[in-house]
């Protein structure tokens with residue numbers, strides 16, 4: 001039996017099964033779709049203003065503060081300890097949600113949830129450190145699929161328990177606590193990786209598949225999720241920093257790693273097409289995160305949960321399904337994205353803007369639900385295209401690093417939006433006006449990329465006309 005366990009722990013199947021189980025129980029949180037009704041209901045008895053302007057902004061601030069140090073810690077300690085930290089943070093989050101009261105306690109909930117989201121990097125990065133490269137595509141598919149299934153199951157289960165069984169939000173949170181506790185238990189059974197992306201490289205890493213063969217879609221949800229396949233130009237600049245046995249000055253190695261990260265980012269953003277795709281990524285992701293964070297507050301404002309049926313879980317389940325369907329549809333669309341990509345960014349960003357403005361101007365809760373579904377589907381479509389367009393031009397570690405940096409920039413923009421628009425120390429706008437701001441924000445994004453796409457298309461046509469004229473000249 002011990003021999004079998006030892007063999008299984010070194011195969012790709014064992015860690016994949018355990019990490020997928022961890023991902024399922026981590027994501028299977030049926031109470032999450034009903035957070036705002038729970039906080040404003042009799043269990044916590046908070047006002048909608050306290051939730052919007054004082055409690056929810058803490059998540060953005062803590063996520064921003066923790067993201068970069070947690071990323072470095074994740075790589076340095078080789079993933080598994082950070083997965084354990086994530087499990088502990090989830091348990092603390094839901095223990096506080098269940099048994100603590102008051103604004104300060106709920107702000108502490110948001111802080112620990114910021115820790116949870118900052119440590120999500122470890123989930124997607126872990127599996128690439130314990131399986132060989134020929135299994136990357138398969139394990140990425142499993143890891144992504146299991147989280148989508150868990151999110152859908154959680155939303156449907158929560159809705160059924162609330163609507164049919166009339167289960168209170170308190171017990172929904174108790175079910176979530178049990179689920180995240182199982183996720184922590186799964187983390188203990190994960191084998192400890194022997195390598196990582198930066199601090200614990202192998203001297204002779206195995207060759208990895210190129211970005212055109214790699215799991216680009218999975219990387220969209222897991223920044224820093226892949227190791228690098230060094231390109232010839234990168235190798236020509238010099239070897240990547242390697243940890244040396246018995247090194248008495250580890251801080252020098254850390255500095256060399258940071259310098260290498262800086263050089264890689266400089267080279268990545270030196271490409272103008274990648275820069276434009278990354279600009280949209282950062283701007284749109286900031287707006288998307290802001291909308292997702294506060295949409296429950298808008299729904300509760302349009303149809304107060306204490307006097308109206310709540311269908312948050314059903315809407316989130318449908319939104320997850322639509323997001324998955326639109327992401328898959330990208331793989332079957334044959335378009336010259338170099339020519340039409342920026343036009344698509346502009347058009348679908350305009351649809352996002354229209355959806356958010358509809359949610360602002362309508363008083364009908366069903367119109368709000370429909371606007372949210374359209375908004376999320378359009379964003380998931382575009383983020384998949386942006387993921388592929390960036391990934392196909394970069395080596396695996398570089399596109400993982402670039403995705404992470406794009407998300408960091410998005411979080412900085414989101415923090416600015418939160419401070420100015422939401423926080424009680426800023427404008428502290430009501431939720432309806434906030435969505436007017438978000439709709440206007442996406443209108444600006446659409447305008448930028450529509451203008452840029454027109455310039456690109458006209459430039460290409462003028463160039464082709466000039467070439468045709470020269471070829472026909474005597």
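Note that the numbers count up from 1, one per residue, in the order the chain is shown.
Even glycines carry a Cβ here, placed using N, Cα and C.
As recorded in TrEMBL:
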- 12-28: transmembrane segment (TRANSMEM)
- 58-76: transmembrane segment (TRANSMEM)
- 83-105: transmembrane segment (TRANSMEM)
- 111-131: transmembrane segment (TRANSMEM)
- 143-164: transmembrane segment (TRANSMEM)
- 170-192: transmembrane segment (TRANSMEM)
- 209-251: region 'Disordered' (REGION)
- 213-223: compositional bias 'Low complexity' (COMPBIAS)
- 274-291: transmembrane segment (TRANSMEM)
- 311-331: transmembrane segment (TRANSMEM)
- 343-361: transmembrane segment (TRANSMEM)
- 373-392: transmembrane segment (TRANSMEM)
- 399-422: transmembrane segment (TRANSMEM)
- 434-451: transmembrane segment (TRANSMEM)
Using a Cβ-Cβ cut-off of under 8 Å, list the residues of the same chain that are 6+ residues beyond the ends of the transmembrane segment (343-361) and lie near it.
280, 284, 287, 291, 295, 298, 335, 337, 367-368, 370-372, 374-375, 378-379, 381-382, 385-386, 432-433, 435-436, 438-443, 445-453, 457
Stretch of maximal Cβ-Cβ contact with the transmembrane segment (399-422) [cut-off: under 8 Å; candidates 58-76, 143-164, 170-192, 274-291, 311-331]:
274-291
Contacting positions for the transmembrane segment (311-331) when only residues 6+ beyond its ends and CB under 8 Å are counted:
30, 33-34, 37, 148, 151-152, 154-160, 162-163, 217, 296, 299, 369, 372-373, 376-381, 384-385, 388
So which of 12-28, 58-76, 143-164 is most in touch with the transmembrane segment (170-192), counting Cβ pairs under 8 Å?
12-28
